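Quick look at what TrEMBL annotates:
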- GLU136: active site, proton donor (ACT_SITE)
- CYS22, CYS106, CYS205: [4Fe-4S] cluster binding site (BINDING)
- HIS51, HIS84, HIS134, SER233, SER234, ASN235, SER278: dimethylallyl diphosphate binding site (BINDING)
- HIS51, HIS84, HIS134, SER233, SER234, ASN235, SER278: isopentenyl diphosphate binding site (BINDING)
- HIS51, HIS84, HIS134, THR175, SER233, SER234, ASN235, SER278: (2E)-4-hydroxy-3-methylbut-2-enyl diphosphate binding site (BINDING)
Amino acid sequence: MSESQPIKPPLTLYLAAPRGFCAGVDRAVQIVELALQKWGAPVYVRHEIVHNRFVVDGLREKGAVFVDELDEVPDDRPVIFSAHGVPKSVPAEARRREMIFVDATCPLVSKVHVEAERHHAEGLQMVMVGHAGHPEVLGTMGQLPAGEVILVETVEDVARVTPRDSERLAWITQTTLSVDDTAEIVAALQARFPAIVGPAKDDICYATTNRQAAVKAIAPKIDALLVIGAPNSSNSRRLVEVGRSAGCAYAQLVMRAADIDWRALEGIRSVGVTAGASAPEVLVDEVIAAFAGRYELTVELVETARERVEFKVPRILREPAPG
Ligand code: 10G
Ligand code: SF4
């Protein structure tokens with residue numbers, strides 16, 4: 001007599017699109033892979049190339065060595081700067097040591113660096129909306145001399161800003177912030193400093209904006225939301241917050257399928273799945289497979305935008321290695 005399988009409960013999984021790798025992450029990972037091909041191992045990388053352990057471990061296996069600071073890199077090995085950007089002092093030091101370095105800063109982060117420099121050249125002091133201690137914030141603030149960029153994280157912080165001259169101010173933002181929270185902070189800045197100048201909307205990138213919009217679109221349909229991403233990934237954490245603000249009572253960040261708290265999901269009929277900009281699609285597949293193992297699963301794609309953005313790798317990696 002054959003033992004009958006337990007009946008799986010039905011579950012609809014709404015898969016957000018766009019999700020996962022953005023063009024800047026794709027380029028940064030390619031940069032490390034091409035550098036390993038061109039120069040051989042070890043190639044050093046300052047900071048996690050993107051905030052995902054799975055990606056970092058994969059590159060480490062191929063010969064990348066991840067370090068926190070440039071002084072951990074020998075002069076005679078190539079070094080790559082992470083996608084989040086670096087303070088000006090970092091490439092300056094690499095140049096001084098005559099190192100081979102490749103900057104994997106996303107072009108959309110570099111664009112904010114240029115914006116900050118332009119305002120500074122016009123004599124404006126900067127207010128940056130961002131998260132203290134995040135590498136992108138350290139990198140962007142590090143484009144200008146100390147004291148030229150004031151950081152605000154919340155609407156409350158705006159009241160505490162003490163600029164040199166409230167008539168000569170500009171604002172910039174981190175690229176991975178919550179679109180809605182940032183709009184409130186910018187409105188508070190404009191209310192307090194009517195002369196402040198800034199970008200047309202904000203500096204939040206297309207990928208961050210699109211992933212948040214996709215979460216908003218699935219939120220009304222789902223009993224729970226899982227965001228695949230790392231705890232130190234700013235954009236991934238914002239997706240969890242966006243899910244909660246959009247009315248999803250259970251929204252959780254998971255690195256991969258093994259992190260899913262199945263107890264917490266008991267009784268759900270629908271789940272939303274998305275992935276932060278640094279989370280590879282194999283981890284999405286893994287999560288879907290884990291649901292398929294426990295539920296009679298129907299997967300529905302909810303696509304709110306199509307992305308066609310691509311960034312070229314730096315020229316040095318498009319040229320063959322000499323002789
Ligand atoms: O979301 P953050 O900035 O923490 O980074 P990430 O590595 O998780 O995702 C890619 C985004 C960047 C490289 C920052 S622009
Ligand atoms: Fe570039 Fe946006 Fe991706 Fe950051 S999240 S790497 S700014 S595309």
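Glycine is treated like the rest: Cβ placed from N, Cα and C.
Here the structure is a predicted model, which means the values were calculated and not measured.
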Those binding-site residues, out of HIS51, HIS134, SER234, SER278, that come within 10 angstroms of CYS22 ([4Fe-4S] cluster binding site) at the Cα: SER278
CB-centroid shell, 8 A cutoff, dimethylallyl diphosphate site HIS51, HIS84, HIS134, SER233, SER234, ASN235, SER278, site residues removed: VAL50, PRO135, GLU136, THR176, ALA230, ASN232, SER236, GLY276, ALA277
Annotated recorded positions CYS22, HIS51, GLU136, CYS205, SER233, filtered by Cβ under 6 Å to ligand 2: CYS22, CYS205
Other C-beta atoms that fall within 10 angstroms of the C-beta of CYS205 ([4Fe-4S] cluster binding site): 26
Listed binding-site residues HIS51, HIS84, HIS134, SER233, SER234, SER278, filtered to Cα within 10 Å of CYS106 ([4Fe-4S] cluster binding site): HIS84
Binding-site residues compared (THR175, SER233, SER234, ASN235, SER278) - highest count of Cβ atoms within 10 Å: SER278
Sparsest-packed of the listed binding-site residues (HIS51, HIS84, HIS134) - C-beta count within 10 angstroms: HIS134
